[in-house]
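Notes for the one structure printed next.
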Amino acid sequence: MKQSSNVPAFLSKLWTLVEETHTNEFITWSQNGQSFLVLDEQRFAKEILPKYFKHNNMASFVRQLNMYGFRKVVHIESGIIKQERDGPVEFQHPYFKQGQDDLLENIKRKVSSSKPEENKIRQEDLTKIISSAQKVQIKQETIESRLSELKSENESLWKEVSELRAKHAQQQQVIRKIVQFIVTLVQNNQLVSLKRKRPLLLNTNGAPKKNLYQHIVKEPTDNHHHKVPHSRTEGLKSRERISDDIIIYDVTDDNVDEENIPVIPETNEDVVVDSSNQYPDIVIVEDDNEDEYAPVIQSGEQSEPAREPLRVGSAGSSSPLMSSAVQLNGSSSLTSEDPVTMMDSILNDNINLLGKVELLDYLDSIDCSLEDFQAMLSGRQFSIDPDLLVDLFTSSVQMNPTDNIKYTKSENKGLEATKSSVVQHVSEEGRKSKSKPDKQLIQYTAFPLLAFLDGNSASAIEQGSTTASSEVVPSVDKPIEVDELLDSSLDPEPTQSKLVRLEPLTEAEASEATLFYLCELAPAPLDSDMPLLDS
């Protein structure tokens, strides 16, 4: 064998070991010369390997053969059957052939496919992967903690929603009970009806609650159909007849001077008042299908109350109504009859008048004044806004105090009796007198309940009744004071609807005597200073 520097020492020693004849009993070429055989591994490892190599380990020899590309040859017939340990072992390489030692240069030791640089790069990549995995793990833990928090918050929110739903249902039940109570309160106490019937008190002995005076003039006629004389017809507007009670017509005239009003004398019969110059252009028509009476109209100079009622108007009147006409609904008899019977009649008359709009307006007051309502429920005592009571107890046809109202002064011409039906109207001289537009002075005496709720106590009402004769319509010699009364008393702002405000009464105001006095339910006969309209 030719020595070559390109052939590794292991291959040179192996070639020499196989070529020598004295070692053929341990290692030799195969029959075809393409491979070599190791006949006895144990003896070969103990006797031959130490001579050529520095070890006697057969496994190390086989490992070096594998490093140079030698492969162990396994025959088909013996591949399945396990060979004996001491049997021959054959190794083969494409460039290791018998008699071709020049091919040994082509046998190269296997070099690892990975380079150190590549190993470093792989290590860096592995570090990056590990760090990213750690970050992902941290994020996952954070997300899990957040998820647990969200779950707990969701559970608490659902609990709160269930509690709120229960509270809402309970509140709805409370509101439903409150509404039922208010409906009962309205039906029992008549606080809502805007069409509540009130007796018309036109006497001048009661204390005037406001500086509003009403002068009624009448003119006798022969039939039941009466017309209102007037110089201008454009001021009249027709209105639908709502009930069979007293209706006040307002005749708008712009051209009359202020004059004084004479005293209307009393008679023991039904009286008709006629005048040529009368204070306002107002006609009052009353249905006489039933025997209803109005109180006697008295002048400012008379201090004694009227004893005989005044029959006014007829149901057959066809005179037109103004846009500012006011309908006054009569009430049941409030004289000395049984209070329980009287209240039952009022309830029966007014329950049918309750409308949806009025009830809804009253129910809206719950949102405005819940604390006052609670105080009323606890003490079962309440008071009402006086401005609202004025709106409640007036007629359903609202009249703006600044619309189509004129102030005139006229003189009474005489009285004439009739028992059928009478219509009041003004004379032509009264229509020619000078007037103040948008203002009309009307005198009336309301219940003490209204006066009390407007801010006057019961004692003030009684004191006002004793001085009524001095506070009625001004006399002929004081026309300037009437103007001042008009300017100071009439509110130029339009009437606005108000809600009921319930306030607790004091102990003095809530006493039994005071409440009976306010409601005109005193068991004793009423004072002669307060004659009522028996309707």
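In case you wondered, yes, glycine gets a Cβ from its N, Cα and C as well.
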Which range of 74-101, 298-325 is region 'Disordered', per Swiss-Prot: 298-325
Feature region 'Disordered' in Swiss-Prot, mapped to one of the ranges 398-417, 418-437: 418-437
For the DNA-binding region (7-112), the mean pLDDT of the predicted model: 80
Tally of residues which DSSP labels helix, strand or coil - the DNA-binding region (7-112): 43 helix, 18 strand, 45 coil
Whole-number Å value for how far LYS135 (SUMO2 cross-link) lies from LYS151 (SUMO2 cross-link) (Cα to Cα): 24
